[in-house]
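Shown next, in structure tokens, is the structure this report addresses.
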Amino acid sequence: MSQNIYPVPEGFAGPNTINAEQYAALYAESVDSPETFWAKAAERLEWFKKPTQIKDTNFDPKNFYTRWFADGELNVSVNCIDRHLATRGDKTAILWEPDSPDTPSQAITYRQLSERVNKLANALRTLGVQKGDRVTVYLPMIPDAAVALLACARIGAIHNVVFGGFSPTSVADRVRDSAAKVIITADEGLRAGRKVPLKANVDAALQQEGTQSIEKVIVLQHTGSDIAWQEGRDVWLHDITASEPAECEPERMNAEDPLFILYTSGSTGKPKGVLHTTGGYLVQAAYTHEAIFDLREDDIYWCTADVGWVTGHSYIVYGPLANGATTLIFEGVPSYPDASRFWQVVDKHLVTIFYTAPTAIRALMREGEELVKKTSRKSLRILGSVGEPINPEAWRWYYDVVGESRLPIVDTWWQTETGAFMIAPIPGAIPTKPGSATKPFFGVQPALVNAEGEFVQGAGEGNLVITDSWPAQARTVYGDHQRFIDTYFSAYPGYYFTGDGARRDEDGYYWITGRVDDVINVSGHRIGTAELESALVQHPKVAEAAAVGFNHDLKGQGIYVYVTLVAGEEPSNELQKELVAHVRKVIGPIATPDFLQWAPALPKTRSGKIMRRILRKIAENAPDQLGDTSTLADPSVVDTLVKERHLT
Ligand code: WTA
């Protein structure tokens, strides 16, 4: 075998291992007879009413619908908790590793989880939260984040988690769009020893217009610091749960009832509320979690994502708990107190499956091997990667240094909109290649479309589409179904357009090349250029702004913004800092521009459209690749920008 193919490790076998022949047979069945295949797959869940209608979907934008398991009834929290109690009641469901290694970690059994979820679910009902109501969750990485999600699921409330690093404005935008009734937050979060003022952010968010739907703010005491308190609106989580019974009747949910909304950035406008439903989502989240991580009963599974992203939803909370696994929740960051923390946590809790992002791997790689090698990591069995394309160099370092050349790496390609893994190696079946997410999961039918709009046959490159529905697919954009169809099903009518480009090699392996739309993937976080631009033009001194991504050694992509000031305003270092701070304030620190260049004017077509292609090339410092600039209204604009690139 070629050096660039890493075979399935010898003797790799567990109760859930799928080998190459099984993968081929199951994949064929999943696309040839999806009804039979997914009916069987659905049996992994406990249903109040077993589904008899399995797949009922149509991708034609003129008559679009997606229904999976449509006559089935179930409750997600019952699947993630109750059905494990008889056999796994004393098994650790959640292991919590705090921000500081000096704070004791916690282990919460399935039985304890049940009690906490049921009490909170009852408390939510007492506050008047009903099936279908929206609940905003703005919490640190603590077990209560999972408890909050499961409590919502138990009573059929639709949760919307807002990443703890987002600003008050981002919280307000999401509350407004989802018309949430309740927010669950904490006094403060902790990250690398610094306090994150979550409750104060909520207070500021709720001062903003259009947030009156919020009736109660439920506050969890985490750091114990003093916080402002609004009588009548704010309640302590420990107060409202104290006298609630530890049993709560679960809501019978239809498979197609909503489970959650998660906002994500796209090419245009404000973030979209991607809506996921109950049955199909849980079937595929659980199935992929078991198959791709080759789950075993004694695994200690750790996904380092934040619960504020889809990875946290599907692969910290729902997939693992539906499978009765032990899932580790880490409050901190990889570099605190030092850059060996990940591996220390692995050794402390004897983690067997470790799942992180390329950006973290690259950052740790830069700190040198010593910090890894001084730890044992003997417990590890599988390594995973998600969020952005992993460059082969980082892949090899992960493989050789972290995994000591003995552990399979599962590079999982998927999206907020897909709900669960789509392209990823099943470790007992698929030899890996550094940088490739390899082959599609069961039922997933990827295709590549070239510039002429034709399907690429065999090896080649193009825009990645999925040709038929899969169970965990998002069902709509909350409150704007047309936007959902326009965004995902209209570029290539009849197919789901991912927004990613990809290459397929001669072995049928997929290599994701990155976003082909106006989404910048910064450290695995999606940020829309439109969001950045709208944040910048909110500043009174900014007339116009354009944002583009550029290749960044650590983050994958960085943010480069061009700013045109209103007449009479002069560029200055202070103003530059002020504008960067302004973006952080409006969106959050993850949207911090890496570079801000003053642009006396922006390159535009004669019809007034900003030519981002050119701005991207200038940002990448590749002025020789600007291409055709003859369609510009004023080509001299480009010369000025190129000349001044290094001056900022
Ligand atoms: C990118 C995160 C290459 C991709 C789960 C996608 C990846 C976007 C990978 C979705 C991967 C995610 N290889 N690219 N393994 N995983 N991406 O919605 O561009 O936050 O479209 O979901 O991340 O990001 P999202």
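Along the chain as shown, residues are numbered 1 onward.
Note: Cβ is positioned from N, Cα and C throughout, glycine not excepted.
Please treat TrEMBL annotations as automatic predictions, because they have not gone through curation.
Residues G387, E388, P389, D411, T412, W413, W414, Q415, T416, D500, R515 are given by TrEMBL as ATP binders; from R366, R377, R483, R526, that same site also lists R526. Within the set of binding-site residues G387, P389, W414, S523, H539, G387, P389, W414 have a CB atom less than 6 Å from some atom of ligand 1. Here the domain 'AMP-binding enzyme C-terminal' (531-609) is broken down by DSSP into helix, strand and coil counts: 24 helix, 27 strand, 28 coil. The subset of binding-site residues (A192, R194, S523, V537, H539, R584) lying with their Cα within 10 Å of the Cα of T416 (ATP binding site) is empty, i.e. none. For the recorded site, W414 (ATP binding site), the DSSP three-state label reads coil. Of the binding-site residues T412, S523, T412 has the largest number of other Cβ atoms within 10 Å of its own Cβ. The binding-site residues listed here are A192, V537, V542; among them, V542 has the most other Cβ atoms within 10 Å of its own Cβ.
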